[in-house]
Amino acid sequence: MPQLAINVDHISTIRQARGGAEPDPVHAAGICELAGAKGIVVHLREDRRHIQDRDVRLLRQTVKTRLNLEMANVKEIVAIALDLKPDMITLVPEKRKELTTEGGLDVISNEKKLRKTISKMSSAGISVSLFIDPDAEQIQASLEVGATYVELHTGRYCDAENEKERDQEFHLIEQAAELAFEKGLRVNAGHGLDYRTTTRIAAIPFIEELSIGHAVIARAAFVGLDQAVREMQDCIDRAGRI
Ligand code: PXP
């Protein structure tokens with residue numbers, strides 16, 4: 001079964017709504033780990049809309065599982081990552097006006113810049129994952145630029161408006177996971193996964209980790225973070241019984 005990594009960005013979104021100190025994503029990360037999460041993910045955006053520099057510095061010191069820093073491939077954030085040395089980084093496209101990451105990276109058009117960053121990260125001992133749509137050409141390009149992982153974008157599967165569309169999107173992810181694995185890439189997946197959509201994705205062989213944020217933080221508002229994480233872990237465990 002894939003491991004569960006929790007993205008705690010939206011704990012910070014709540015904090016930033018008032019500009020104070022609470023709730024603290026560092027505290028949240030500890031609760032997630034104690035509830036069984038095997039990794040913590042944060043996206044340090046250029047506009048600092050949720051996670052702040054102070055958060056990533058403290059998380060680097062406190063996360064006991066794996067810290068995955070989501071980031072755009074831009075000079076300022078690359079320098080922070082090289083200094084911070086998270087366990088891995090996930091490169092994502094970033095637009096100022098988007099509510100959340102909208103689509104996968106275009107690895108083909110950004111090959112040169114990606115190769116440069118991946119080489120710097122490898123020299124610093126940091127693994128690189130590229131967040132891509134489930135597309136054979138993007139997988140091939142990810143391999144060629146030297147990525148260790150790809151994270152397959154599950155957003156379109158989650159947002160599908162009917163079952164036929166959902167099935168089609170599911171099969172694209174399933175095929176992409178197999179192709180990436182066969183080519184020697186390690187495979188993660190995420191975006192938009194919730195308590196209804198996760199089990200089917202978790203049952204796909206080859207996927208090592210699911211990165212899940214919004215659904216868990218939203219559920220935590222009603223049942224608490226510890227239980228919200230455990231319930232998501234149950235969704236993953238159910239995949240073993242399919
Ligand atoms: N993976 C990537 C690359 C993301 O950008 C995000 C959102 O920050 C996630 C996973 C988690 O998505 P969600 O918050 O919808 O679970």
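Just so you know, glycine gets a Cβ as well, placed from its N, Cα and C.
A strand conformation is recorded for His43 (active site, proton acceptor) in the three-state DSSP classification. Residues or ranges marked as active site, proton acceptor by TrEMBL: His43 (among others).
Look at TrEMBL and you will find Glu70 (among others) tagged as active site, proton acceptor. The number of other Cβ atoms within 10 Å of the Cβ belonging to Glu70 (active site, proton acceptor), over all protein chains shown, comes to 27. DSSP assigns Glu70 (active site, proton acceptor) to a strand.
Feature annotation from TrEMBL assigns active site, proton donor to His191. A coil conformation is recorded for His191 (active site, proton donor) in the three-state DSSP classification, outside any helix or strand.
Annotation comment: TrEMBL describes Asn7, Arg18, Gly192, Gly213, His214 as 3-amino-2-oxopropyl phosphate binding site. According to DSSP, His214 (3-amino-2-oxopropyl phosphate binding site) sits within a helical segment.
Feature annotation from TrEMBL assigns 1-deoxy-D-xylulose 5-phosphate binding site to Asp9, His10, Arg45, His50, Thr100. Long-range Cβ contacts of His50 (1-deoxy-D-xylulose 5-phosphate binding site) within its own chain (separation 6+, distance under 8 Å): Asp9, His10, Ser12, Thr13, Gln16, His43. Look at His50 (1-deoxy-D-xylulose 5-phosphate binding site): DSSP puts it in coil.
The annotation site 'Transition state stabilizer' is assigned in TrEMBL to Glu151. Mapped onto three states, the DSSP output places Glu151 (site 'Transition state stabilizer') in strand. Spatially close to Glu151 (site 'Transition state stabilizer') yet at least six residues away along the chain are Thr90, Ser129, Leu130, Phe131, Ile132, Val187, Asn188, Ala189, Gly190, Ser211, judged by Cβ distances under 8 angstroms.
Each of the recorded positions His43, Arg45, His214 was scored by how many other Cβ atoms lie within 10 Å of its Cβ, and the smallest score goes to His214. Nearest to Thr100 (1-deoxy-D-xylulose 5-phosphate binding site) in space, judged by Cα atoms and limited to the recorded positions Arg18, Glu70, His191, is His191. Ranking the recorded positions His10, Arg18, His191 by how many Cβ atoms sit within 10 Å of each one's Cβ puts His191 at the top. Note: the Cα of His191 (active site, proton donor) and the Cα of Arg18 (3-amino-2-oxopropyl phosphate binding site) are spaced 26 Å from each other. Checked against ligand 1, the binding-site residues His10, Arg18, Arg45, His50 give no residue with a Cβ under 6 Å from it.
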